[in-house]
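Per TrEMBL, domain 'F-box' is recorded for 2-48. Residues or ranges marked as region 'Disordered' in TrEMBL: 284-310. Look at TrEMBL and you will find 87-119, 525-557 tagged as repeat 'WD'.
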Amino acid sequence: MDAGCPRLPDTVLFEIFLYLDHADVLSVGLVCQQWRAVARDEFLWKELFYRYYRVSRDVPRHPGAVSWYDEFQRLYDTIPCVEVQALKEHNDQVLHLSFSHSGCLFASCSKDCTVKIWSNELDISLQHSSNMRPYNWSYTQFSQFNSDDSLLLVSGVFVGPHNSSSGEIAVISMENFTLLSRVRNKPYDVFGCWLNETNLISGNLHRIGRITSCSVLWLNNAFQGIESENVNVVKRLFKIQNLNASTIRTVMVADCSRYDSPDLLLDYEEQLAASSTCPVFDLGSDSEEEEAKPKLPPEPAVQELPDAGGVPAEQGLQQLFDDIMEGRVRPAMTETELETKVAELFVRNRTKPPEPNLLPTDSNSKTKYLIFTTGCLTYSPHQIGIKRILPHQMTTAGPVLGEERRSDEFFDSLDHVIDIHGHIIGMGLSPDHRYLYVNSRAWPRDCVISDPMQPPPIAEEIDLHVFDLKTMKEVKRALRAHRAYTPNEECFFIFLDVSRDFVASGAEDRHGYIWDRHYNICLAKLQHDNVVNSVAFSPVEQELLLTASDDTTIKVWRSPRAVRIRQARRPRPRKLLFSWLMNQKS
């Protein structure tokens, strides 16, 4: 028995541990001989885990875990919650962060109208800064590296004639930081994204009426300024009608090729079914089987075209006009309601039907999904639209306006729509692109929207939803802890990020948050002095996290384990002094 460690019944020690700090639990367990023996008791550590973290007992152990003791230690020792560096080179609000796929570089965007490139070494350092004000930009807001990290897409707000604001996308070479091309992007919160190594997606908006518009999504070649005049550098992808002042925003692309071999399955029954065939990352081998059946929410609604009892659109439109002229419409329609009704009838017979069989059946499928926020009731984004991109659409070759269309295919329909019933303020994909995480602020239950220009009030509490893109269903319960306070008309995007094991998000309550993806529990709060706008995990080292804030700083967070390892690697002052003295003697 270790000195100072009295012999107590294991059950008594277990109850004491429940009141200790997490670090104390592990340190006592490591130094106390009695608890080194208890650590072999899986039952006691399982009880401690469920009670300490307040996890439902329906939740099985992580599929990659060796033991409950190791899980307890993992959730303490590998969370990036230790601040190791604060970067203060920006002089205004920092809005977005993005890592290169190699993890060697990351980019930051700011209200100071610069995009900065940082080198991720032992100590992070600034490598390059590009000022976008000479191009009439107001600020930079988003960036993304292409798949081979040779190009950087930067999205910003462009100030046009008479101080009108729109969006613009710039492509910067990572070889010499030169500006290769610029693409107009409207509205600016489409942001833009890469489809493949050399082609990116932008948006444009055409007004049809006061609250009706058409969003056009374009495929653009990154090398527009140096390509031959005989080669297309742009091609229209999709043309989608917007009702009730809604628009398409926040585009991203999901690759379907890894849906059958994800890093982490979130459905517990699917975990058990795949445990013998699905490879897991190296945390150890699963030593026990547990059954759990989570309650899944109803399947998200799929978009359907307006139904008019089988009446053709032309007849329905003519009937509506006749009823208005003869006073048969009761109660009388407002101008907004009339515009929406006419637009719905018009689009019903002018829209290309959705692609059949949206869900991928081939694990080697080259299909990709275009994912974006949209709506149908009001201007605030409250739906997620999904449109399949087929292989032949992934190049700018062919007609600029895309495939030839019949008169009844003027618009493209969405292949799937997920209704969030709230204001969407953030989206992010898991590294394997299997799961979509969505930040939203909920509307009141059973609210009715009578005016699209007056959306319902939104909750201060942010809900973090999780959707399985293979089944198009919501999985898990919504994650909660973070908050936002701005009203609808001032609401802004809060970027989140997902690693293999964790999901992180900013918030308006001056904190960043980290949750465990498997257990659905909040693990850490990361302090800032103002709103946290963006977070980013290193794609090769999930124990490294960056947070960006309105306080103009970027904070670097590492796990306790990573901090110990890095401190051990640093040269000690005595050794340096000894080497200097030896050099002086020689």
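Each residue's number is its place along the chain shown, starting with 1.
The backbone N, Cα and C atoms fix where each Cβ goes, and this holds for glycine too.
For the repeat 'WD' (87-119), the residues of the chain that approach it from at least six positions outside its boundaries are 125-133, 137-145, 147-149, 152, 154-156, 172, 174, 177, 495, 530-531, 533-541, 546-550, 552-556, judged by C-beta separation under 8 angstroms. Over the repeat 'WD' (525-557) the predicted model carries a mean pLDDT of 97. Counted with DSSP, the repeat 'WD' (87-119) comes out as 0 helix, 19 strand, 14 coil.
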